[in-house]
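These notes concern the structure reproduced below.
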Amino acid sequence: MEWEFHSSAALAKKETMTTNSAFMSTATLRAQAPGEPIGSILRTQLMRAGLVALTAGVMVSYATSAMAQSSYSGTGAGEFSTGNDNSGFGHNAGRYINGDSNSASGTNAGQYTNGNSNSASGTNAGQYTNGDSNSVSGTNAGQYTYGNSNSASGSFAGQYTNGNSNSASGSFAGRFVTGDGNTANGYSAGQFVSGSVNSASGSNAGQGVMGYRNSASGSFAGGDVEGNDNTASGTSAGQNVTGNRNTSVGFQAGQNVMASDTVNVGSNAQAQGNSAIAIGNGATAQSSDGIAMGRGAQAVQSNSIAIGAGAVANSSVALGVGSQALGTNSTALGDNASATGNFGVAVGNNASASHTNSVAIGNGSTTSAANSVSFGSVGSERTITNVAAGTGATDVTNVQQVQQGDAATLSSANTHANAGDAATLSSANAAATAGDTATLSSANAHANAGDTATLSSANAHADAGDAAVVGTANAHADAGDAATLSSANAHADAGDARTLRKANAHADAGDVRTLSAAQSYTDQRASETLNSANQFTTKEVATLRKQAFAGIAQAAALTPLLPSAAGKSTVNVGVGSYGGETALGMTFAHRLESMVFSGGVGVGSGSKSLIKVGAGFEF
């Protein structure tokens, strides 16, 4: 007769055992065989039962020790995991873990983790993680992470990360990142990044970045960037940039830049050339080293400077609202001043130098020919006052010198003419008087002779004879006198006319020579004045250019470094250089809870300093 019994060696600790920790042993007690001692049978069976019990106790002790180091709660949680101090809470959480001190919370969280000290919280969070000290939170967050010390917070955040110390906060933030130390904050921020120490803050900011230390702040800012140390702040600022050390601040500022070291400040400001600066809404610096400051200002060619709303400079300098320097190496200073001729200079509101190497000075002044200087326009002429008397061959002549030259010339001409006229008239008068005297003497002698003869011959007829003779004598005398006088006058008039014509001809010749000399002298003085004005203008423009470059260098030296937290202050020292001018700047900033105060001083190679003070609010 046979019977069997069962013994459970670990019933007292059943709640701490896994499914493979329960052990069932079976012993069979047979009936005594014929001729076999009953004591031998019992002894053998009891020894077997004791061995089984001892073995079961060892297995229970091992299982209890291992399970005390890991904790799992939920259907399928912690299955197929190896390691110590791991925990899983949720349906299928923490399965297939290989490592120590990993934690998973949420349905399917933390599955297929290979590493230590990783943490996953959220449905499907932290799956397929390979590395240490990674922390993810959110639905599907941190999936397929390879590296150490990465963190992701938000639905789908931090997926497909390959690198170390990357941080992503926000739905879809920080996905597809390859590199170290990258930071993304905001919806879909910092996606598709290849490089290190890049930062993106704002919805869709910093997407598609390849490079190092690039920074983007604002919705869609800093997207599609290839290069290093680029900074974009503002909605859609700094998009599609290829280059290094570019700065873009403002709505859509600095887009489509393919250059380095540019500054773009203001809505739609665009600096397209290396080291170009565009400041102001719509300001554009299209070539290297160009400067455009003011709404709509344009610096077209290299080294151009356009300062003022609507100012345009083409390889030139334009300062003033609406000023245009379109000629090569031209300069326009003043509101709406225009220098369209090459090497032209226009100084003053609405001044226009439209000819090559011409200069227009004063409000509304215009040029009419190349190589000329204009101080007015047709119908709006100006006088130049306080001009000293010229001394050199090319000096300008003032009015006093011209008047003195004219007076000397006219005095010489009048003296010569008067002397000739006097001599001629004196000779004519002498001839006429002599003729008249001789004629009258002859006539009188003839009359007297006739009178004596008549009186002697006929006394009776004396009255009648006298009357007849006297009448005849008078008629003869008058006729002679008239003939003689007429001849004398004709001779005198003819002589006077010839003498006067000679005097006039001589005077005219003298006047022409004198006038020619005066004009030559005047032209010489005018040319000297023009050259002097050109030299003065060139010097003034050079001074203005130097001062502008010094101011730009001072502005560049004022590089603020804002405090990192409330209650902190920063002091920054910078050096700026532009166009051969160098400046040193120092800025100070102090941060309150929601306000920042800042100030700065810049000093350069010139005599003037730049001071700025500002305050900012955060809300």
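Think of each number as a place in line: the chain as shown, counted from 1.
Each Cβ is built from the backbone N, Cα and C atoms, and glycine gets one as well.
Here is what TrEMBL says about this protein:
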REGION    100-136  region 'Disordered'
COMPBIAS  100-112  compositional bias 'Polar residues'
COMPBIAS  113-126  compositional bias 'Low complexity'
COMPBIAS  127-136  compositional bias 'Polar residues'
REGION    221-245  region 'Disordered'
COMPBIAS  228-245  compositional bias 'Polar residues'
DOMAIN    265-283  domain 'Trimeric autotransporter adhesin YadA-like head'
DOMAIN    289-311  domain 'Trimeric autotransporter adhesin YadA-like head'
DOMAIN    325-351  domain 'Trimeric autotransporter adhesin YadA-like head'
DOMAIN    356-377  domain 'Trimeric autotransporter adhesin YadA-like head'
Counting each residue once, how many in the region 'Disordered' (221-245) are helix, strand and coil under DSSP?
0 helix, 7 strand, 18 coil
Take every residue in the domain 'Trimeric autotransporter adhesin YadA-like head' (265-283), average their pLDDT values, and give the whole-number result.
97
DSSP-assigned states of the domain 'Trimeric autotransporter adhesin YadA-like head' (265-283) in counts, ordered helix, strand, coil:
0 helix, 6 strand, 13 coil
Please report, as numbers and ranges, the same-chain residues at least 6 past the borders of the domain 'Trimeric autotransporter adhesin YadA-like head' (325-351) whose CB is under 8 Å from any CB of it.
304, 306, 308, 312-319, 357-367, 370, 537-538, 540-541, 544
Using Cβ atoms and a strict cutoff of less than 8 Å, what residues sit near the compositional bias 'Low complexity' (113-126) while being 6 or more residues removed from its termini?
83, 94, 96-107, 132-143, 145, 155
So what's near the domain 'Trimeric autotransporter adhesin YadA-like head' (289-311) in sequence-distant terms, Cβ-Cβ under 8 Å and 6+ beyond its ends?
266, 271, 273-283, 317-325, 335, 545, 548, 552, 579
